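J.: Mind looking over this structure? Questions follow.
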């Protein structure tokens, strides 16, 4: 069985007038939401340094390699200028605090993917981030009144609230973005992760040193306010899809709907689990996602440790340098997204070829950088440059496998992303575990080379599997022509007024027996013409 033509040709679609439409506003809000999510995820790693009394707790003797000379970068810290925190938390306890958010985040990926398919993604995303933001205000209270146990609980709940961010964002992109805009839009939205990190790291450090209420609490108050404002604005101004949006221009609504679904209505039948489980293009995305998280954790977590233990220089000691790789990835990912969409609209490249080229840049590039970094010896400047370039190239994934779910199945993209993102986050845990076992007690250049080469091999294997089995075409199991016939229902809505669609023009119903969701479109004469 082969899929029929999945979308109307570009020449058959009439693009809406105006450069900034409702879909662009939704993209902008999703970008800010992704940035806010990563701010909430990373700010504790900066805050905990200021929270803990570093001089009062016992430190294990850190092992350094003596192959490279001591660095002379930076001025030595004056102990008199050091501000010690108010908590006596061991290093292992700090690890539990930092990981508590992650566990809450991971366990909600698949449930929210399923719920978004059945009930819609927008409200889960908005309310989830609102919970995340509101509970940020409780972090200082929990730490001071209840200690580490209550802080772990609060951070775990924050992680639960952030769980919808990726699967629900994917589900909304599937409903709002035409196929030939997916590369650049996906790159823009998901690059919010790097943008949020670039903003969070230096600003959190500044607030920890000069903020109110003792410094570090202001990190959670400030970002809690920002997150709450975004959540309320998102819930107030954004809508699930173009059909239910009350003020979208009719020409933009019709352009989005016809580019995604053709001239038929939008019918979402039950999830074809058996077909998905047999889909090689799905497994291509899954493996690419697993390899990405393993390699990314090695790049961003282990290379700084390498520079501290072997090169005697910690890149995290300098806020500008620590933000450089994220900044490079943010800029490069947006550029790759625009180029990928140009490739599609030029007619010279298929969706499949475009995804494979973009993903090859995003995964082979960091693999080569890791191998080179393992042979740079004691050259600190070159190692920093390789780290920045490698992570920068990694931005190609956003026009590769990261947006590929939408090509395979616009109707089930959020669910597929929930499964791949959950699995990939679990795989990301293996990177520090593997590195720790390899370099334990002997952090030599030779041992670190093993760490880097393993990560590079993971990148290369998963990227190659993706290049062999990936597809950019809509799959037969998501072909509306293959859906079981639905009982016809006639719903007429009021006519359009002043070029805008009325909210009554789209009505969504859910069959509680089989979970089938059908959106009935307005009975508009213009839509009946073939």
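Heads up, residue numbers simply count up from 1 along the chain you see.
Any Cβ shown, glycine's included, is placed from N, Cα and C.
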J.: In TrEMBL, which of the ranges 381-401, 486-506, 507-527 has the transmembrane segment annotation?
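T.: That would be 381-401, per the transmembrane segment entry in TrEMBL.
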J.: Below 8 angstroms Cβ to Cβ, which residues of this chain, lying six or more residues outside the transmembrane segment (93-112), approach it?
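T.: Residues 40-41, 44-45, 48, 52, 124, 128, 148, 151-153, 155-164, 166-168, 418-419, 421-422, 425-426 contact the transmembrane segment (93-112) from elsewhere in the chain.
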J.: I'm checking region-level scores; what's the whole-number mean pLDDT for the domain 'Major facilitator superfamily (MFS) profile' (22-474)?
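T.: In the predicted model, the domain 'Major facilitator superfamily (MFS) profile' (22-474) has a mean pLDDT of 83.
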J.: Any chance the transmembrane segment (20-39) and the transmembrane segment (219-237) have 3 or more Cβ pairs under 8 A, given the pairs are 6 or more apart in sequence?
T.: yes
